[in-house]
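Have a look at the structure that comes next, please.
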Amino acid sequence: MHIVADENIPLLDEFFAAFGSIRRLPGRGISAADVRDADLLLVRSVTQVNRALLEGSRVRFVGTCTIGTDHLDLDYFAEAGIAWSSAPGCNARGVVDYVLGSVLTLAEREGVDPAARVYGVVGAGQVGGRLVHLLRGLGWQVRVCDPPRQAAEGGDFVSLERIIEECDVISLHTPLDASTRHLFDATRLAALQPGAWLINASRGAVVDNAALRTLLPQRPDLKVVLDVWEGEPQADVELAALCQLATPHIAGYSLDGKLRGTAQIYQACCRVLGLPEQVSLDELLPAPWLSEMSIDSSADPAWVLASLCRAVYDPRRDDADFRRSLVGDADARRAAFDRLRKHYPMRREIDGLRVRIQGDAPQLAALVRALGAATT
């Protein structure tokens, strides 16, 4: 078999070399000519996989190492009999770490207690649902908006209008489709509560970037964190300058999440081809640089929360790197956006951390477990 794959997918040889030859290409540049003789196509979100790319090719399986599928033409896949798989939940923990790290950074800058805010999570799928679980585990107030889940399950969901009216912090985790494009348009952005924080780590076009750029100079009370941008890899330089944190679509870029994504499409490919799985992620995932921390039972819980989160991930570094890249002409900035993603430094997830508490401190132990770390 012949495999065409995005060059930035990790562990391609380890998982797929036994299937056949692998041709690695830049994801944004994969063309119809490249895939004409391919049997398997492995991509990330930067590759639009549709009729124009695949018609006339031999491709019988498409795997994307991402949660989202808005870059895949699933209707065409069904018509053409092409099997496919995404990697649901692969980077959910990494995105949650990003959101929590961003909240703690804003709280420190603004001099507020993050536990005193009311959180609104828009979209409660793999990522948003995990974020809701963590925030509630910390004992923080959370409202959740997810119309599809509300229609299917009923339960404790609220409208988007209530999120905007009642929440100080709004974190967006919706897929991108016709119903969510510019979900936060000029009207909804203007309706945000005084001093609200808006975090978008889903898809850039869920927020109207032009409307947000126009609004922020008039509403300096609003604090915005953007990891995703309309028109990627071209980010809006003026908008980035108005954000408290700005990063190049790396919220879910933990090493664990990347490798998990490759493993999930490998498993799906084995199922489609009727082949046994011969490789396990557990045997390929390296030990983390930091695996254990020790704290005293007298430690302040707020300090413990910030220290554990930042020991694993601190978004301020990515923000600084991204801002330094926003120079030169448009071509240079686009290249820098992709370069930051391609050469992203190793980052692990907080649930791989073990925390040793010296003494009896049930409150601290509960906090550590709510974060997803283990106590010893």
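For all residues, glycine too, the Cβ spot is worked out from N, Cα and C.
According to Swiss-Prot:
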type: ACT_SITE; residues: Arg203; note: active site
type: ACT_SITE; residues: Glu232; note: active site
type: ACT_SITE; residues: His249; note: active site, proton donor
type: BINDING; residues: Ser45, Thr66, Tyr253; note: substrate binding site
type: BINDING; residues: Gln126, Val127, Asp146, Thr174, Ala201, Ser202, Arg203, Asp227, Gly252; note: NAD(+) binding site
Run through the Cβ atoms and count how many others sit within 10 Å of the one on Ala201 (NAD(+) binding site).
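I get 26 for this one.
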Beyond Ser45, Thr66, Tyr253, what residues of that chain have CB atoms within 8 A of the centre of the substrate site's CB atoms?
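Going along the sequence, the neighbours come out as Arg44, Cys65, Ile67, Gly68, Asn91, His249, Gly252, Gly261.
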Measure from the Cβ of Arg203 (active site) and count the other Cβ atoms within 10 Å, all protein chains considered.
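Excluding its own Cβ, Arg203 (active site) sees 25 Cβ atoms within 10 Å.
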Could you say which of the recorded positions Asp146, Glu232 has its Cβ with the most other Cβ atoms inside 10 Å?
Asp146
For Thr66 (substrate binding site), identify the closest of the recorded positions Ala201, Glu232, His249, Gly252, judging by Cα separation.
Gly252
Considering each pair of residues in Ser45, Thr66, Tyr253, all listed as binding substrate, report the largest CA to CA distance in Å, no decimals.
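Those residues reach a largest Cα separation of 13 Å.
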How many other Cβ atoms sit within 10 Å of the Cβ of Thr66 (substrate binding site)?
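Looking across every protein chain shown, the total is 22.
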In whole Å, how far is Tyr253 (substrate binding site) from Glu232 (active site) when you measure between their Cα atoms?
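For Glu232 (active site) versus Tyr253 (substrate binding site), the Cα atoms are 16 Å apart.
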I'd like to know which of the recorded positions Ser45, His249, Tyr253 sit within 10 A of Asp146 (NAD(+) binding site) at the Cα level.
none
Given the NAD(+) binding site residues Gln126, Val127, Asp146, Thr174, Ala201, Ser202, Arg203, Asp227, Gly252 in the record, what is the largest Cα to Cα distance, rounded to whole Å?
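Max Cα-Cα spread across the NAD(+) binders: 21 Å.
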For His249 (active site, proton donor) and Ser45 (substrate binding site), what Cα-Cα distance in Å is obtained after rounding to a whole number?
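Computed Cα spacing between His249 (active site, proton donor) and Ser45 (substrate binding site) is 11 Å.
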Return the residues near Gln126 (NAD(+) binding site), defined as same-chain residues 6+ apart in sequence whose C-beta is under 8 angstroms from its C-beta, sorted by sequence, else 'none'.
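For Gln126 (NAD(+) binding site), the qualifying residues are Ile67, Pro88, Gly89, Ala92.
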From the Cα of Ala201 (NAD(+) binding site) across to the Cα of Ser45 (substrate binding site), what is the distance in angstrom?
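Each residue's Cα considered, Ser45 (substrate binding site) and Ala201 (NAD(+) binding site) end up 14 Å apart.
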Arg203 (active site) to Gly252 (NAD(+) binding site): how many Å between their Cα atoms?
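Pair distance, Cα basis, whole Å: 12 Å.
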When DSSP is mapped onto helix/strand/coil, what comes out for Gln126 (NAD(+) binding site)?
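The residue in question, Gln126 (NAD(+) binding site), is helix (DSSP, three-state).
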